[in-house]
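Input: a single structure, listed below in structure tokens.
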Amino acid sequence: MARGERRRRAVPAEGVRTVERAARGGPGRRDGRGSGPRSTAGGVALAVVVLSLALGMSGRWVLAWHRARRAVTLHSAPPVLPADSSSPAVAPDLFWGTYRPHVYFGMKTRSPKPLLTGLMWAQQGTTPGTPKLRHTCEQGDGVGPYGWEFHDGLSFGRQHIQDGALKLTTEFVKRPGGQHGGDWSWRVTVEPQVRASGHPFLTTMSSGPPTQDCPC
């Protein structure tokens with residue numbers, strides 16, 4: 001009987017321990033202990049990544065804003081030249097000139113809204129397909145050598161441009177007078193280097209008569 005009583009008493013004790021484990025969370029608590037640190041670490045890593053991206057984007061925006069502000073902020077010192085220093089009334093000999101960059105030949109005025117002139121040409125039959133138009137100086141054009149042979153920076157200039165079998169010569173002259181920087185004229189001469197008959201010929205193109213006091 002004593003043994004039977006001990007067995008019967010063990011059953012409630014086991015039941016009590018089961019109830020206590022259920023009240024404490026039991027197996028679910030053990031699972032929570034296993035997944036809690038992992039989920040917390042994942043959230044922290046995600047927050048760090050988002051914060052790094054936000055800081056990087058904001059840093060780029062701040063840098064771009066700072067550079068733009070520096071580019072448009074004028075110096076507090078007075079201007080070295082007056083606003084009309086490039087006008088034809090102040091500097092008529094410098095109003096017109098070969099001031100156009102990145103083109104083989106071009107002229108413009110020194111004014112906020114200048115009148116632009118330039119040169120374009122193409123060779124037909126030299127290569128298959130559509131002829132390539134020459135205007136801007138490009139490294140892949142295969143044009144060269146080219147450059148000014150004479151230029152005084154004011155009133156005249158001459159340059160040679162070699163484009164395959166063509167030799168182009170550009171010339172311009174300018175004379176003072178009037179109220180808009182004087183008159184100017186330019187001429188382009190094209191000379192093929194080789195012909196089937198062995199005799200070269202010349203083709204001359206001109207801008208026409210000198211401009212008469214162009215109101216630019």
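Cβ from N, Cα, C; glycine included.
Here TrEMBL flags 1-10 as compositional bias 'Basic residues'. Look at TrEMBL and you will find 1-39 tagged as region 'Disordered'. TrEMBL lists 17-33 with the feature compositional bias 'Basic and acidic residues'. Sequence annotations record features per position, and here TrEMBL assigns transmembrane segment to 39-63. The annotation domain 'Glycosyl hydrolase family 63 N-terminal' is assigned in TrEMBL to 94-197.
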TODO: Determine how many residues of the domain 'Glycosyl hydrolase family 63 N-terminal' (94-197) DSSP places in helix, in strand and in coil.
DONE: 4 helix, 46 strand, 54 coil
Open item on the list: Suppose you look only at the domain 'Glycosyl hydrolase family 63 N-terminal' (94-197); what would the mean pLDDT be?
Closed with: 89
